[in-house]
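Visitor: One structure follows; several queries about it will come next.
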Amino acid sequence: MDWFFQLLVSVFIAFLIAFRAHKKKSLSNSGAIAGFFVMALHFFVGYRFGAVLLAFFFSSSTLTKIGEDRKRTLDPEFKEGGQRNWIQVLANSGIASVLIVAIWVLTEGQDKCLNSKDSPLITALIGAVIGHYSCCNGDTWSSELGILSEDKPRLITTFKHVKKGTNGGVTKTGILAAAAAGSVIGLSFVLLGFSTTRCESSTVLKQLLVLPIATLAGLFGSLIDSLLGATLQFSGICSVRRKVVGKPGPTVKRISGANVLDNNAVNFVSILLTSFFTAIACWYIF
């Protein structure tokens, strides 16, 4: 009956968080529904995964609300409270949800430590989940704090100064924030892991390597996101609104990028790549 108790706990926690997030306008109606199912799934498969998801959600939602008035004038896709719909929820958690279902099936519901000698596939899959949320958190922290930085952003492909809000623009503050965001994901995974997972004595301390791996994954994911944004996502300056916009038009002068991917697609691709490379790193290191 342990699984039934964990299911009840998972549903209860997911409901409370989704309800609170909707009330505070962090999630739209559809976002709250999608978020409920995603959170319940994460907590049911393992508390470590639930903790990682919450670390991402709460930290990114908090930073999104900082400096809203200023962001409203700079960000072409600004929404009050950073409100996310179901598409954005799945773009930021869909891959991880598939991964943790695979982990649950392979481990038969048991928490496993990162140990390639015991199970290289499970280790790689867990690493992919860590990379997934490190990327998500790194991109969000970088964007939300970078746009408020006093530094003038530089386009990642040319290093020329661009206007704030330009896709692919990076700042020192944003880069440091991305690394810090990744470390938060790694820390949440390790702390919950030590309390919920039993590791062999030879692998216990090695789990701490998740911290630098997650930190680098946050940085890597943010840089990949910026590179994709600078090349495959359109940015232009509107002569009427006098702000950076994300779609071409008769009054818009192009700054950078082709109109190939939107923001959700850029996030999805960067998450996919970061998850893959973090999985390979964990498979090799552990």
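Cβ atoms are placed via backbone N, Cα and C, with glycine included.
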Visitor: Given 117-135, 174-192, which one carries TrEMBL's transmembrane segment label?
Guide: 174-192
Visitor: Which residues, given as numbers and ranges, are at least 6 beyond the ends of the transmembrane segment (36-64) yet have a Cβ under 8 Å from it?
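Guide: Distant contacts of the transmembrane segment (36-64): 6-7, 9-11, 13-15, 17-18, 21, 24, 26, 81-82, 89-90, 92-93, 96-97, 100-101, 103-104, 109, 111, 129-130, 133, 136-137, 140-141, 144-145, 181, 184-185, 187-189, 191-193, 196-197.
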